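Everything below concerns the one structure shown next.
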Amino acid sequence: MSLFQVASRRLVPQVSRALKPPAKKQKLCLEMARPSSNMADFREVFAKAKHIAIITGAGVSAESGVPTFRGAGGFWRKWQAQELATPGAFARNPSRVWEFYHYRREVMLSKHPNPAHIAIAECEKRLSKQGRSVVVITQNIDELHRKAGSKHLLEIHGSLFKTRCTNCGNVTANYKSPICPALAGKGAPDPDVEDASIPVEQLPQCEEDGCNGLLRPHVVWFGETLDPDVLTEVEKELDMCDLCLVVAGGLSPRVALPGYGRSPENYFDDQFSFLKKLQSVVRW
């Protein structure tokens, strides 16, 4: 299986390991790869691939203006995401956490897929007509891949637009704006804004018959494990694929898949040079 890694313009490509499941235990070897934009090599590998996996991170959504709340200046009010996106933070102050996620949901409702999302979705659509499969495995929770038209999509960190009941566990899609009346006009990110301190009974509630449990965003928070069912699907797709493309920033793997290492054969200079190559290969 071939791995092509596509770096965001803002990130230096990092060392990774080959996504090739060994038949038996082997000593993993890390190899450095020099940047490459060899179109002939890419065409040859792409033309032969029947099952393609495309792994994306935050960098693929950066051109859509999606805030990450990471690094210097990455604050919502006076908190960073890792202070709010935790089970403990939600238990202590569900109103504050819901204000944070309500703000993020409202922002994302105004954002649109960029050429990276559209190219990936078009790749899946066109190759499916040739009997070839494309799966998108994303860390992003913004659903921009879905908006762009990607059908075979694995969201390993969940979605901003799904909720999970803390009582009955029901997961459902939720695109309401606002998600509940009490959050209307709330969630402003400015540091001088006071918490709304919304009573729990006025926060998003489960609509399953007889439940009325408190809803939480269906996303993976810091300190939580990833969904084992989703990870099983990811492992199956990576086991089956004969070409893996890692597109955009955040190239250090957030998920360790058992039995897999990583060692890229090629890098492309940035995601946009890659997209031009992908478009010319698929011929649209």
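Cβ coordinates are placed from backbone N, Cα and C, and glycine is handled just like the others.
The following features are taken from TrEMBL:
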ACT_SITE  His157  active site, proton acceptor
BINDING   57-76, 139-142, Leu278  NAD(+) binding site
BINDING   Tyr101, Arg104  substrate binding site
BINDING   Cys165, Cys168, Cys206, Cys211  Zn(2+) binding site
DOMAIN    32-284  domain 'Deacetylase sirtuin-type'
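Using CA atoms as reference points, the recorded positions Ser61, Phe69, His157 were checked against Cys168 (Zn(2+) binding site), and the closest is His157. When the C-alpha distances from Cys165 (Zn(2+) binding site) to the binding-site residues Gly65, Phe69, Tyr101, Arg104 are tabulated, the minimum falls on Tyr101. Here the Cα atom of Gly65 (NAD(+) binding site) is found 37 Å from that of Cys211 (Zn(2+) binding site). A simple Cβ count within 10 Å picks out one of the binding-site residues Cys168, Cys206, Cys211 as the most packed, and that one is Cys206. The residues near the Zn(2+) site, meaning same-chain residues not in Cys165, Cys168, Cys206, Cys211 whose C-beta sits within 8 angstroms of the mean position of the site's C-beta atoms, are Thr166, Asn167, Gly169, Asn170, Glu207, Glu208, Asn212, Gly213, Leu215, in sequence order. Put simply, His157 (active site, proton acceptor) is 16 Å from Phe69 (NAD(+) binding site) when counted between their Cα atoms. Among the listed recorded positions, namely Arg104, His157, the Cβ with the most fellow Cβ atoms inside 10 Å is that of Arg104.
Counting other C-beta atoms within 10 Å of each candidate's C-beta, the binding-site residues Phe69, Tyr101 are led by Tyr101.
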